[in-house]
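Notes for the one structure printed next.
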Amino acid sequence: MEKLLPGVLLLVFLSEGMTHSDLGGKAFIFPEESNTAYVSLIPRLKKPLKNFTLCLKAFTDLSRSYSLFSYSTKSRDNELLLFVSKVGEYMLHVGNAAVTFKVPPSPYAPVHLCASWESASGIAELWVNGKPMGRKGLQKGYYVKQEASIILGQEQDSFGGSFDAKQSFVGEIWDVSLWDRVVPLRDMCASCYSGNVLSWQALTYKDKGYVVVKPKLWA
Ligand SMILES: *[C@@H]1O[C@H](CO)[C@@H](O)[C@H](O)[C@H]1NC(C)=O
Ligand SMILES: [Ca+2]
């Protein structure tokens, strides 16, 4: 009986317009600016996150601010947020606090981003295209709450909503993965995208508005 449960849950999701799919080799394209287009990701998460590693790849030619990964809970809209405030400035938010990483700007090229955070020390790392951008500390001792609304394409200012077109993502995102541990990023391979919380190869998601899935253009 217990073994049947994941299948039953999946059917419930699918009946609500969810897709469960191996997106290996594919990307989400957000073709135009809006406050209506987004992809909602369903995590496999049973406990709060004491540690995490988030990786994704993206291409955009935006020069304004935009959200790359917006994970909200009912009490904190920026529970786990990866946000670009301007070209070359990446902000990682944990529990509504934030640190900024300055990255040599290389606009108009695809990026492979990995961010990790450890509760015990509060230390956050950002790696861009396999290179470290330093370490900063925030929210030492905090746990990232588990009842999440995870959205690509828009930045949430409330649980599942309050989007601003001027913070929307326009471009392509692929190979999104989330682990419930700190994965050593020095060894992170470009094709590692099977996180145990979110896996690009077994992704449960729901897309809304103008979002297109196509074969990816970059590795
Ligand atoms: C989180 O990371 C710390 C140190 O890196 C480790 O000691 C701890 O067991 C981890 N906690 C979980 C729940 O994985
Ligand atoms: Ca927000």
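Cβ coordinates are placed from backbone N, Cα and C, and glycine is handled just like the others.
As written in TrEMBL, here are the features:
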type     : residues : note
DISULFID : C55-C114 : disulfide bond
DOMAIN   : 24-219   : domain 'Pentraxin (PTX)'
SIGNAL   : 1-21     : signal peptide
Sparsest-packed among the disulfide-bonded residues, when each Cβ's other Cβ atoms within 10 Å are tallied, from C55, C114: C114
Within the predicted model, mean pLDDT of the domain 'Pentraxin (PTX)' (24-219): 95
